[in-house]
Amino acid sequence: MVPSGRKHSGKLAKPSVGDQAIRAYEFEQEDKKDLSGSEEDAIEEKTPTLEKQGKKRTSAAVEDMGGEVQNMLERFGADINKSLLAKRKRLEMYTKASLKTSNQKLENVWKIQQEQRQKLNQEYSQQFLTLFQQWDIDMQKAEEQEEKLANLFRQQQKVFQQSRIVQSQRLKTIRQLYEQFIKSMEDLEKNHENLLTGAQNELKKEMALLQKKIMMETVSCYSEL
């Protein structure tokens, strides 16, 4: 992986192979023009024979010059190719190393995150398990307590019903006893009235007899006198 944070603004870009070849060709053409111009000036001053010989020599020199330039361009191109291949290999090596390092870092990060997740899951899983176990225990206790309360309520309800039955019986007994008491009192009053009436009648009879006896004794006394 090639780092994207490097700055290239401070370095000048290297000319490409095509630009260098074009510059070499232009330089060759300028040399040809300079050489041909100087030869023509010299030939104009010489005889026609020397002019022909000078043209032959100039063309030969130009051909030699062109061959040297061609060789130089070929060598330059080969050097550029070698340099590009070397740079390409270095770039590939750097890229592979960078990818390997990045993969190792990512694997380490993933491994650490995985371990942290497992640790967190285990920690909270244990806490949740403990809480759920306690919850089950509390629910069992609540159900047992509810069952006890239900039984107690049924017992209390039964006791209350029995108490109501007993109270109803007691109240009925009290009512019956009260009625008996009232009846007994009435009977007693009637009996007392009858006894009193009888006593009064007896007393009246006795008083009448006594009065009669007294009258008879009084009459008897007066008779004897």
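Positions of Cβ are set from backbone N, Cα and C atoms, glycine also.
Sequence annotations record features per position, and here Swiss-Prot assigns compositional bias 'Basic residues' to 1-11. If you look up Swiss-Prot, you'll see 44-53 marked as compositional bias 'Basic and acidic residues'. The feature phosphoserine is assigned by Swiss-Prot to SER36, SER38, with similarity to another entry given as support. Residues or ranges marked as region 'Disordered' in Swiss-Prot: 1-59. Annotated region 'Important for oligomerization and fiber formation' per Swiss-Prot: 68-73, in sequence order. Swiss-Prot lists 87-90 with the feature motif 'Nuclear localization signal', giving sequence analysis as the kind of evidence.
The average pLDDT computed over the motif 'Nuclear localization signal' (87-90) stands at 85. DSSP places the residues of the region 'Important for oligomerization and fiber formation' (68-73) in helix, strand and coil in these numbers: 6 helix, 0 strand, 0 coil.
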